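Comments concern the structure below.
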Amino acid sequence: MLEQIRGPADLQHLSTHQLRELAAEIREFLIHKVAATGGHLGPNLGVVELTLALHRVFDSPHDPIIFDTGHQAYVHKMLTGRAHEFESLRKKGGLSGYPSRSESEHDWVESSHASAALSYADGLAKAFELSGHRNRHVVAVVGDGALTGGMCWEALNNIAASGRPVIIVVNDNGRSYAPTIGGVADHLATLRLQPAYEQALQRGRDALRALPLVGKFAYRVMHSVKAGIKDSLSPQLLFTDLGLKYVGPVDGHDERAVEAALRHARGFGRPVIVHVVTRKGMGYAPAEDDEADQMHSCGVIDPVTGQATKVAGPGWTATFSDALIGYARKRRDIVAITAAMPGPTGLTPFGQQFPDRLFDVGIAEQHAMTSAAGLAMGGMHPVVAIYSTFLNRAFDQIMMDVALHRLPVTMVLDRAGITGSDGASHNGMWDLSILGVVPGMRVAAPRDAARLREELGEALDVDDGPTALRFPKGDVGEDIPAIERRGSGLSGVDVLALPASGCNHDVLLIGVGAFAPMALAVARRLADQGIGVTVVDPRWVLPVSDSILELAARHKLVVTCEDNGVNGGVGSAVSAALRRAELDVPCRDVGLPQRFYEHASRGELLADLALTDQDIARRITGWVAALGSGVAEAEIREHLD
């Protein structure tokens, strides 16, 4: 049946039996396609019936359907004519793992950052009203996990006050990555577990209407006290006191029930909450049985067993996890904070060892930072483990709540740099630029597992201001020994390679973090051409160490190589430091051009950006040649462009 679905219109005349068959076929399709490419399997298995109902009740794209976070939009893509493209899911030039405005008019929003859908919906509803399109409904699908984010409640406050026809579908599966936590989750759990009072009321209506003479009068009396009965039976006052109509809870795997609830909500003409209870990983035993995250996201797997087909090597995240536990055993002041991602950020083992010292604050990065500030004020040393891309959400709190007070908060930034297959909104290429403007901030970028452990320990010893460590996604690789260390403490830099005997000190090549191995490969290529290169790992990359300046003074050219946007990164910081020190040494930066990148593998993206060792060596050769010929600075730049 799925092959016959070219768009939402093809769903309108299907029978209940056909819809059930289609739902089963969609699940089978998802399991086999995502098993081959990797992706967000569990969330999509849980929204099959919900997505079918949405596209039968609402007229997309006339009625925008906005999926918060967007990782649960695979079924939406299939029903809007893209099922035939799933072989290319998350591959270069293929189907995005999130909604994509360039793919389809049915996709309105493509950022994968959570808790934003309701604000988009509020703005769209205002725009439709102002432009006279009052017959358009706006639908926002938001998970119970995303409702732990404060932005959702700011939007709910505005939506409720407006009275505009926004339908908010709460996809309640009790989880984000991990089980949802907090007061909102407790309210939703209570609603899920209570008897369905709407069913009880309906039975009462039917019985009263059947009574002779007094039936209609008794029914009216009952209807008049309905609100009081609802208030005593369940805590949906959480929504109704805001001025939002509440419909539910509805079995999210009963397509007809969901459809009826959505049609009911559509008819109100004002803001409505439709509470849909789903099961993440529904219909696939390996996902349903996965206690950790119900296969929220997976790599390539065996579709029968759900087991990974490739065993990953030692990873950066696991290395951090083990190191943090080791330090925490020695120091009771070390605590950890996660924003609803204890598993992906490596904090689950920490929580198992020290359950009273791990705080999951929900999808609330801003609160996480200020709560960490409070913990630090109280004598703790908090470690906030977060994906680099989500650090952006807490900039004001880092600046004004942590740094202004010179508090010892350590931020551990996982998935820094190019992450690849999840696309533009997951690349962690902004953190160095953001943190570089924060007074008193020290940032480390370990090149290997040994340095991660060392630099984490150094960060935990800092008691007069914030620190951050950044590392990429994936395997950590072999340790890279240093020839020597110049300087001490956080100012110490590791020399990884020196010019060959008889070569000049032509280039100081600064390899930042995970780019250190590439810097060494570049140096070998340059040595073959007779160019003398000193390779250093600055370890603590911001602020720029005096040891870097001392080394720079002995070379003809400084080149920085980093997995960050070039604007405001380490290269910018080194150039500024050289100017302040009045060192007349030219500096060139190699990094990521400041733009949004489509999904592809990390290797493919780096190759496209000419960030391979061969490409970088070629560029440096040109720069050295231009300097050696005495060409004016303007001509050098023209040559490099």
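Backbone N, Cα and C atoms are what each Cβ position is placed from, and that goes for glycine too.
Not measured: the values here are computed from a predicted model.
Checking the candidates Glu3, Glu21, Glu365 against Swiss-Prot: the one annotated together with His71, Ser112, His113, Ala114, Gly145, Ala146, Asn173, Tyr284 at the thiamine diphosphate site is Glu365. Of all the binding-site residues given, namely His71, His113, Asn173, Glu365, those whose Cα is no farther than the 10 Å limit from the Cα of Asp144 (Mg(2+) binding site) are Asn173.
Of all the Cβ atoms in the protein chains shown, 24 others lie within 10 Å of the Cβ of Asn173 (thiamine diphosphate binding site). For His113 (thiamine diphosphate binding site), the same-chain residues lying six or more positions away in sequence with a CB closer than 8 A to its CB are Thr69, Thr389, Phe390, Arg393, Ser425. In this structure, the binding-site residues under consideration are His71, Glu365, and the one with the smallest number of other Cβ atoms within 10 Å of its Cβ is His71. According to its DSSP assignment, Glu365 (thiamine diphosphate binding site) is helical.
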